[in-house]
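A.B. asks: Not my notes, these are from TrEMBL:
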type: DOMAIN; residues: 128-423; note: domain 'CDC20/Fizzy WD40'
type: REPEAT; residues: 256-296; note: repeat 'WD'
type: REPEAT; residues: 392-425; note: repeat 'WD'
Amino acid sequence: MWNLEHDWYSPKSLLSTPTHYDFPGDRFVPNRSLMDLDQAQSLLTNRTKKIQNKKFNDVYRQIVDEKLSLDSEGKPFRMLVFRGSPKSSRKSIRYIDEIREEEAAALQNISNQHHSSRRLPKGESRILDAPNIRNDYYANIMDWGKNNILAVALGSNMYLWNSENSNVTKLFNASGNDFPTSVSWSEDTKYLSVGFKGSKLQLWDAETSKPIRILEGHGERIATIAWNGHILTSGSHDKYILNHDVRARTNVISRVKAHTAEVCGLKWSRGNILASGGNENHIYVWDLAKMSSSNFLHCFKDHCAAVKALAWCPYDSGVLASGGGTEDRCIKFWNVKNGTCICSIDTKAQVCGLEWNRHHKELLSGHGFSTSAHHNQLCLWRYPSMTKVGALDRHTSRVLDLCQNPDGLTVVSAGADETLRFWNVFGPPVIDNYETDLDNLLSLKVSPLR
């Protein structure tokens, strides 16, 4: 054993006279500001007084000396020497960086697995012939009701296709030179509304398959119609937007004219907000409560061609997606709360239809004419990044319209190639484990910082 001249720094001394020192720190974490490190190192490394015990011979003392002064590798060992060298400090920082890199890689892997689980189908799940379908970009000739019945206009005829038993019913054949140009199921599917080239707007009873009412008000063809409860809204080549109360004897409750060309797109949001698109390339946003005074909320003029394709985001009621015609080719997203454009993406083809995926954050677009190889496609986009998942190009002519079935798993596209093609592109819905995986990852990581 070695006896040192001073023992003021020893734990025993500190514990026996704690009032002599200003020692606010933890007893296991020394406060270096109270210590003279040079003095401590000198006292620990220098042997000042050697006491010989006669019971032990020199060989034993040498062995003990080596055990106390050398480590397992035979290098000099110093007890209580503060190490904290720049080298060890850098190593600690590198270790923290490695932990962070591992976490980032794991998060990226989870994200990639989350996105890679979504794949486009290799082909259609079903194809139906659609003879005499009119190749008209401005018309809206197809709608799939909550009763699981698809209504589609083919020439002067209106057909109903029951997706549960595949039965086809011919609802009517328009007389003379008239033909249906727009169709829409009511939200409760009690009524089917049909707009005609000759300005007629007709209501049909879904159970009896009989016409029950003709709604007057327009002077030219009705290109688009949309339901909001008991309110049926119609847009026409006469540039007017009419709101009809189907319960009232006098059906027209408001009439607005803001568009300077044909109204070819109408969509209601869940919050009584209407979006209308026109052939003059403009989008108007309306509040139902203020439409009688012809006051619109916003007018968006960024598109360079007609705006037919409109779709409200199911995840955020304040976001509207719109698609432009051949000279525009863009899908744009609008914040209707503050009236700004969120983003715009060039699809390189005429945008004829838009459908949101209700189960995953995705948007499907149907396309027509293009100066590149992107014509006649259906394209699936991730939202909000708008990275392209893939494209389906089975139509041999442009896609005229899109709609999805009640459970949001199947989308049908109507093509100018006289086919209706059904795609299982949106489903099935799955439990999103992304947040769970993220929480599990973070719970397994222990921070190296103390």
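All positions are counted from 1 along the displayed chain.
The backbone N, Cα and C atoms fix where each Cβ goes, and this holds for glycine too.
Tell me what's around each of these sites.
C.D. replies: Within its own chain, the repeat 'WD' (256-296) has Cβ neighbours under 8 Å at 137-138, 140, 223-228, 231, 233-237, 239-241, 243, 303-312, 317, 320, 322, 324, 328, 334, 336, 339, counting only residues six or more beyond its boundaries.
The repeat 'WD' (392-425) scores a mean pLDDT of 97 in the predicted structure.
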A.B. asks: Looking only at the repeat 'WD' (392-425), what are its DSSP counts of helix, strand and coil residues?
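C.D. replies: Going through the repeat 'WD' (392-425) residue by residue, I get 0 helix, 17 strand, 17 coil.
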